[in-house]
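This report concerns only the one structure given below.
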Amino acid sequence: MLAVVGAGVIGLSTAVCIAESIPSCAVTVLAEHFTPDTTSDVAAGILLPHPFPDTFDHLLSICNSTDAAEAGVFLLSGWQVFQETPSTKDPYWSTVVLGFHMMTDAELQRFPKYKFGQSFTTIKCECSKYLLWLEKRLKNAGGQLHTEKITGFEQLTSSYDIIVNCSGLGSRDLADDQSLYPVRGQILRVHAPWLKHFIRDGNGHTYIFPGIHSVTLGGTRQKHNWEMSVDEADSSGIFERCCELEPSLKKSQVCSKLVGLRPTRNSLRLEREFFVHGNRQVPIIHNYGHGGGGISIHWGTALEATQLEMKKKVSKDSTK
């Protein structure tokens, strides 16, 4: 039996990947909070590609399937603009996204404070819908979901043969990882149904991402800030900056203000170790520390975590 600790996009995608890849493995997700009360529910959900395109390809296949509406995954076109021309005009991910091109002078006219821009189509993931879809997919694969607060791995060693730790910031205590820290993000969701294209400042601090029911405006990147309450000064700053990029937002109506803490460390932790409790030695696969890139790389790291489990299983079977 295998326990996955954490029910955000990292935990659920990892659980699904293991359950579907290893049908003989009984997978249970354990978490204190499930959607809509996870950090992933606050994420803007835009996919900004990383060097490994596993997640983009995975979500694109969902976009092209009958599951797209239920999963909340769709294509979104727009612009990334820069006040100064970047050193790399043609980034490594330009061949991963769809229709990439450098913006023309005519396209840049609507952004008078910006000198350079990139136009492309990427993928938007409505995280609350996507998490529910992953839960359904896990159940269809025989997995289970249990609400339980895990305060120590010793809670699990008597009932599970392997533990997959996808607890995000919870790993500071659970795995005693003091290198993990929060980067506070605050967003607004507004009613602006006339907006159909995303706009992102190249510095990453200001963005406008239209979704199915609302438009996400962001944001903040405040390192080592644990504050979960909404800061009205941050809200005002976000709204003003986004209105500079898209003046029509001044007529929009704010629907909600949300805060999430991105689980960040110098590098993602994706490895296997052993936890000893009494006479039990239980393998633990750690998969956390994705920072603000969880949506962009979640399926790739789920595949890697699954490979770590399969290697353990192959090694165990070869000793029989």
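Placed from the backbone N, Cα and C atoms, the Cβ positions cover glycine too.
Note: TrEMBL annotation is automatic and uncurated.
Pulled from TrEMBL:
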- 1-19: signal peptide (SIGNAL)
- 2-308: domain 'FAD dependent oxidoreductase' (DOMAIN)
- Thr39, Ser40: FAD binding site (BINDING)
- Tyr207, Arg262, Gly292: D-dopa binding site (BINDING)
Using an 8 Å cut-off from the Cβ centroid of Tyr207, Arg262, Gly292, can you name the remaining same-chain residues around the D-dopa site, in sequence order? Ala43, Ala44, Val183, Gly185, Gly204, Gly218, Gly219, Arg221, Gly291
Same chain, outside the signal peptide (1-19) by at least 6, Cβ under 8 Å from its Cβ: which residues? 25-31, 33-35, 38-40, 43, 127, 130-131, 134-135, 137-138, 141-143, 145, 150, 156, 159-168, 170, 174, 287-288, 290, 294-295, 298-299, 301-303, 305-306, 309
Along the domain 'FAD dependent oxidoreductase' (2-308), what average pLDDT does this model show? 96
Neighbouring C-beta atoms (10 Å sphere around the C-beta of Ser40 (FAD binding site)): 28
By CA-CA distance, flag whichever of Tyr207, Arg262, Gly292 among the binding-site residues is nearest to Thr39 (FAD binding site). Arg262
Pairwise CA distance, Tyr207 (D-dopa binding site) versus Ser40 (FAD binding site), rounded so that it is a whole Å: 17
Which of Thr39, Arg262, Gly292, the listed binding-site residues, has fewest other Cβ atoms within 10 Å: Gly292
